[in-house]
Amino acid sequence: DLRPMNMSAAHIVTEFILLGFPGCWEIQIFLFSLFLVVYALTLMGNGAIICAVKWDPRLYTPMYFLLGNFAFLEIWYVSSTVPNMLVNILSKTKAISFSGCFLQFYFFFSLGTAECLFLAVMAYDRYQAICHPLHYPIIMTRRLCGTLVSLCWLTGFLGYPIPIFFISQLPFCGPNTIDHFLCDMDPLMALSCAPAPITEFIFYTQSSLVLFFTITYILRSYTLLLRAVFQIPSTAGRRKAFSTCGSHLTVVSLFYGTVMVMYVSPTYGISALMQKILTLVYSIMTPFLNPLIYSLRNKDMKLALRNVLFGRRISQNS
């Protein structure tokens, strides 16, 4: 009888094989070098933003407080995937332990959810600053900013332990090969020996609701905001409003555009390579480009970053 054997085999999988980006050794070395440079620049860029917000008195405003926290989140978000991916590229076995795989899955989704919430909070901040400039200092107090940031982190990290725990309890009796560079929902569910439609439904509903509500709120905020910008009489004022909002909208488009394709549309029609590329864009390229997007379009941030990168004496002497 095969049934008892299957039950005993249910917990045979103690590790998963992450295929990553297969190819000859030269390609692997090229990818390793590329991702290592991107990771180092991401840490430096976002780290510089955190230091600029902390040290420059001109940046003691709600917008920069949120941006500093967002940069801190980006460092953690990129660190949930890239270090393991770098080890995996050089590894002969390309193995990740069962618990390591689910821990990465948890952190990747929790930090991604926190990112969605942060982008919504930043849209709220820009909306208040442009649509209600007189009430803005009264509304966006340091206490409210601290509360909103804490809620983003808490909601992100408290939303996923239960569904991910239930997924980890599913029987995985082999094969254990994941054609991806990280532990993601679709590949893990495909490897489970028993179907779990309810768990899958809860997980996807939760992810879709977070994406839907945050993107709807962001689009609504920017619609009202752009209406207000067009009513600004001075061209200089209009340009300044566009530059601060333009950078935020660029990040939102890049992040949500790829995430929506991955988690809202059915992924059955998307090839494994395309899934990897889309995941690379929102999980690695967005944190990498954020410092560039925010600093290139912002005079105060450019000045503060120059002071951080080329010595704080400049700001003290001027």
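Numbers here mean position along the shown chain, with the first residue as 1.
Cβ atoms here come from the backbone N, Cα and C positions, even for glycine.
These come from TrEMBL:
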type     : residues : note
TRANSMEM : 29-52    : transmembrane segment
DOMAIN   : 45-294   : domain 'G-protein coupled receptors family 1 profile'
TRANSMEM : 64-82    : transmembrane segment
TRANSMEM : 102-124  : transmembrane segment
TRANSMEM : 144-167  : transmembrane segment
TRANSMEM : 201-220  : transmembrane segment
TRANSMEM : 241-265  : transmembrane segment
TRANSMEM : 277-296  : transmembrane segment
Selected stretch (most C-beta pairs under 8 A with the transmembrane segment (102-124)) from 29-52, 144-167, 201-220, 241-265, 277-296: 144-167
Tertiary contacts of the transmembrane segment (29-52) (same chain, 6+ residues out, Cβ under 8 Å): 21, 23, 59, 67-68, 71-72, 74-75, 78, 82-83, 85-86, 89-90, 284-285, 287-288, 290-292, 294-295, 301, 304-305, 307-309
Intrachain residues whose Cβ lies under 8 Å of the transmembrane segment (241-265), provided they are six or more past its termini: 63, 112, 115-116, 119, 122-123, 126, 130, 185, 204, 207-208, 211-212, 215, 218, 222, 225-226, 229, 232, 275, 278-279, 281-282, 285-286, 289-290, 293-294, 296-298
Integer mean pLDDT for the domain 'G-protein coupled receptors family 1 profile' (45-294): 89
